[in-house]
10 protein chains.
Amino acid sequence: MKREAVTEKILSKKRLKGLSWAEINGRIGGCSPVLITAALLGQMKLTREQAAVAADIFELDDEETLLLQEIPYRGSLPTAVPTDPLIYRFYELVSVYGTTWKELIQEEYGDGIMSAIDFDMVMERKPDPKGDRVQITMSGKFLPYKSY
Amino acid sequence: MKREAVTEKILSKKRLKGLSWAEINGRIGGCSPVLITAALLGQMKLTREQAAVAADIFELDDEETLLLQEIPYRGSLPTAVPTDPLIYRFYELVSVYGTTWKELIQEEYGDGIMSAIDFDMVMERKPDPKGDRVQITMSGKFLPYKSY
Amino acid sequence: MKREAVTEKILSKKRLKGLSWAEINGRIGGCSPVLITAALLGQMKLTREQAAVAADIFELDDEETLLLQEIPYRGSLPTAVPTDPLIYRFYELVSVYGTTWKELIQEEYGDGIMSAIDFDMVMERKPDPKGDRVQITMSGKFLPYKSY
Amino acid sequence: MKREAVTEKILSKKRLKGLSWAEINGRIGGCSPVLITAALLGQMKLTREQAAVAADIFELDDEETLLLQEIPYRGSLPTAVPTDPLIYRFYELVSVYGTTWKELIQEEYGDGIMSAIDFDMVMERKPDPKGDRVQITMSGKFLPYKSY
Amino acid sequence: MKREAVTEKILSKKRLKGLSWAEINGRIGGCSPVLITAALLGQMKLTREQAAVAADIFELDDEETLLLQEIPYRGSLPTAVPTDPLIYRFYELVSVYGTTWKELIQEEYGDGIMSAIDFDMVMERKPDPKGDRVQITMSGKFLPYKSY
Amino acid sequence: MKREAVTEKILSKKRLKGLSWAEINGRIGGCSPVLITAALLGQMKLTREQAAVAADIFELDDEETLLLQEIPYRGSLPTAVPTDPLIYRFYELVSVYGTTWKELIQEEYGDGIMSAIDFDMVMERKPDPKGDRVQITMSGKFLPYKSY
Amino acid sequence: MKREAVTEKILSKKRLKGLSWAEINGRIGGCSPVLITAALLGQMKLTREQAAVAADIFELDDEETLLLQEIPYRGSLPTAVPTDPLIYRFYELVSVYGTTWKELIQEEYGDGIMSAIDFDMVMERKPDPKGDRVQITMSGKFLPYKSY
Amino acid sequence: MKREAVTEKILSKKRLKGLSWAEINGRIGGCSPVLITAALLGQMKLTREQAAVAADIFELDDEETLLLQEIPYRGSLPTAVPTDPLIYRFYELVSVYGTTWKELIQEEYGDGIMSAIDFDMVMERKPDPKGDRVQITMSGKFLPYKSY
Amino acid sequence: MKREAVTEKILSKKRLKGLSWAEINGRIGGCSPVLITAALLGQMKLTREQAAVAADIFELDDEETLLLQEIPYRGSLPTAVPTDPLIYRFYELVSVYGTTWKELIQEEYGDGIMSAIDFDMVMERKPDPKGDRVQITMSGKFLPYKSY
Amino acid sequence: MKREAVTEKILSKKRLKGLSWAEINGRIGGCSPVLITAALLGQMKLTREQAAVAADIFELDDEETLLLQEIPYRGSLPTAVPTDPLIYRFYELVSVYGTTWKELIQEEYGDGIMSAIDFDMVMERKPDPKGDRVQITMSGKFLPYKSY
């Protein structure tokens, strides 16, 4: 059994039971809704307790429940350049702002990177009379290149 | 003359004069430092007034100054998957969280995208005893798919 | 169940029942035939009412009907450069006219893009004695790059 | 001498003389502004008369003027999937609507393609209180597959 | 059901019944053997009458017979550069002679293309004492670029 | 000095002297105009005598003249899938008809290929009231796979 | 049924029956063991007699036996650059020695290629005190480019 | 200075002086002509003595002579799949025979590879009344995978 | 049956039985845990004795057990550039340090490579108050390029 | 001025002055020879003091010396899959052992990665009667995925 099969089953049950991510994330709890959703989509792992709730919601069998607790082979996109417009816009930001981020982060912090591992993220609706905005706040620990 | 030549000259002058982006962005002003840096790196455009200041800082001739006011052919990376570790981490976030963003944004807002055009961004240092963090707050207008 | 399976079933039923897109789009109604066809091919979503009619036409079960109301992972082509001659001609237009569109749109409207989201399209037959023509009229809202 | 060098010189002169495409296309005339711009960007050819006017505007020498009358090796984009956001949106339309165009055109006209050669296009501003729209009307002769 | 499944079934029946393309093309008739073979391989479509004969030969059911009358998503090769030696040689001809064809056709006919749609082809054995030759005669309508 | 430089010089001289391929091929002679054009474009080689005439026409120096007599590194296209529409149509023929050619040639001749080396080609105008056609007759020796 | 299925079945039977290629090739006979192995792996074809023996060894049914007599769509590798170390070393030889082979073969024989069709190969163990060597002797007919 | 520049100069001098590889390899000596040619083409290195002779033949300066003694960044082909027909045929052999070599070498020697480093090669003309053959004999040490 | 199926079954049994690699590697024994894990993941082979233990642990049938003793088609990653962050970091090391390794190894040992075949590796936890470290010690035989 | 130009100049001076990396690294000092070599090859940065010594050794001007202190755009390889055999072997290790590293590291440390930033490396000669070995010891801080 592969992780993709669990993802597909979860999406199917979600659809048939008319569940929302808000409800699901609320019931599973224990960490950010972003992380839970990512785990159910096969990109993060759940704890044993979280997986037990997920098993209950999505009627998962033992192996499926265990798979949710395993670290997946990450990478959620079928192509190197994503074709879905919503996801592509984020790729576009990397393409357009990549060198800018590099210059500004390295001037401020020195040689290193913003971690994508020691990392967190919040998504919030930002009401705006001209049309509500999606606000994403990401924060990653700065990791300096080690000199040796 | 190509935009890349202006970028290369700007970086050379910055290097030889020992300027920082903070100083440069402060002198040019008029909008976010992120936007100014991106423009000087060939991804955004400056206003006439901003370009005049930039010309002064970087000793640009007429054509170079005009080029900074032109809309560039965007895309700052030499390869579809970036090789530089700092920039790659952002690509990795798109790869790992892409489908999660899609699910959560679309559940909250309906069918559409977060604009990468009607978009703004702030980068801030977030002090942390375990190591300072890079915080990036992005906000993009939600654009619903038009029904027709 | 994946969206592709619904698309395949829809095409199979259409074929066996001898239906045309014109008939199908007419029965489902509620928006442009282009949008309905795109939805049935897995690139757009239908409303609940539209999906109910589609379910009736194509003998869809509950999950299939729900899937038609979900926002799909968009991108209808199996390769980055399409191999089908009809579709390739559109790719060729982007390849040949891409920089021209960029120059002319940006001279007229300033820095920004033509939205592919707040977008509509009409396809019409344009009779011509030398051979009828396919006329496609696309209109997308101009979205200016935000200064921040 | 390569065609790219002529394009680069034309863009440089346009920039330094502060010319707009509207002015340039108006002075050269003889066909659609879209075609003239495309030719000056190295994707179409000009007639001898048009090239003479262009030579006058952009101070071109003999070989440059002749190059504008040659059929170029077409393809204006540096990568198979364009990175510039304005141009990418058109690629996205091909990706999302490609199979829909195929179905609808072929149901209406039979087996064949919409020509990208016997083709014309008009770009117009469509005023709209919610934000002006870019309207592009393309028409291409339908070419039926020959049976033999 | 997908077109590939029909192609696979046709090849299987051809194999088991010991049929040759010559026999098959002869029985189906109505157009060039090249076209019929291409249709049975999923790249062209048959008429209703031709499909009925094909159904008889290959014991096709209703949907399979209908699929043969549909316009396929064209492109018969699993990779952009074909790996099969016989097919690769044709790709090699495009690679080696591509720019030559462009120069000679455009000098003779002006700006335009040789159509691959209003196109026909004959394959003939050309006996030769040093080893028989494969002769392919292709003819495509010249389509001039439209000026507009 | 690279072969590309010779090709570029030849095209430049041809342009400035207003020569046609027909004239050039006529003056150089000794083999098919297709071969001569291909050689001048850097895909085939000329004999010493032919190169001497070419040197005279294009005012080539010694090394350039010698380069025309060398076997080039073949492959005339900048991308694996050609972007120029005229050349792309030939690629499309390989993509659409590749498996058909394989089936028909191998049924007729057995296991092997049509040589692209022991190969010749003629291009002819085929007048047609509905629009003249480009006719290309290719013939390649059939090479059977050796059994060993 | 596809050729890959026959290959998979053959490998499975070979495995379960504990057969070696040496035994298999010995029993099938009639040509080089290299050719027989290649055919059983789906890259060459067997004669009717050879296929009958293979059918006996691997318990093949009629269609499987016929498939072994068909010319396959050649190309045994899942990626353009092979990932398997043993096979990659051969790719590396092409990459490192490719231009050397071109220079030396063309100096000796003139313009043309070494055929990969009228070709044979022997693999032999070459005992060596420092470690036995794999010796591969390939011979291909030189095919001169035809002048026409 | 880059190795490519030395290769280009060597080829230019060879051309202008009318030298053959046989002569050059003979004068440089000290190892196989294949190795010397590969070194002069930038894929292998020469000894100090060999480089001195090469410097004499090709009028190389000090840095160029030193570069010939450096280990180059290997890989002689501009694309992953070579476009030159002579070189492509070798790639085709890898593609068609790759899995066969793997099976036969590993059955004979166990798990490991044929070294492309502890490797030698001879190219010989093999006269044949039906057309002379190119014979290449390669031998590489078998390297068993180490168990640890 | 394909090797991937055995890998998938092994991972499933491991999951359901709650086994760790440490336990599995301990029970199978006979070589490094790295090698055993790699073999169970389809990249190396086991001996007959090791495979028998594995069969016992994972309830493998005869063919599955035999497959573990076969040399696999190596290459464990679904894409040329790995998307999984843990694995990507190793790819990044090759990308960043590749030319450095080449310079330092070749200066120390001469022309040649570090073997990836006559190779071993140990992974160890290196406790560190600032966070434990993963230590990987690799050793490969230096293989000098053979002169011939 | 680009970093590549500095790298090229450094390699040229090293070559002409007959310097070894051991000497250079010894004179610059202050950190691991691996890091210094990587910096001189354009993948890491030097401190001001180190750059001053480097400037002295390689006769660098001011801008070149400053460039050595800048953080470079990392990625030293011209292609995603390296063609140089020495470097390719490391890529092969990632390809073959990637999933094994993932399993073993994650079992031992939990969900996270081995940092390629907080990372060090030592290369040592390991004498061996059967041929000396290259030993590379890498150690990277384990970074656990943050839960949020």
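For all residues, glycine too, the Cβ spot is worked out from N, Cα and C.
Remember, TrEMBL labels are computer predictions, not curated facts.
Pulled from TrEMBL:
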| type | residues | note |
| --- | --- | --- |
| ACT_SITE | B:R89 | active site |
| ACT_SITE | B:E92 | active site |
| ACT_SITE | B:S115 | active site |
| DOMAIN | B:76-148 | domain 'Cyanate lyase C-terminal' |
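Here the features listed in TrEMBL are placed on the structure.
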residue : record      : Cβ neighbours (10 Å)
B:R89   : active site : 23
B:E92   : active site : 23
B:S115  : active site : 23
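Proximity to chain I (Cβ-Cβ under 8 A) holds for B:E92 out of the active-site residues B:R89, B:E92, B:S115. Counting only the Cα atoms, the space from B:E92 (active site) to B:S115 (active site) is about 20 angstrom. Taking the domain 'Cyanate lyase C-terminal' (B:76-148) as a whole, pLDDT averages 97 in the prediction. Distance from the CA of B:R89 (active site) to the CA of B:S115 (active site) is 21 Å.
By a Cβ separation below 8 angstroms, chain C lies close to these of the active-site residues B:R89, B:E92, B:S115: B:S115. In three-state terms derived from DSSP, B:E92 (active site) belongs to a helical segment.
The domain 'Cyanate lyase C-terminal' (B:76-148): residue composition by secondary structure is 25 helix, 27 strand, 21 coil, according to DSSP.
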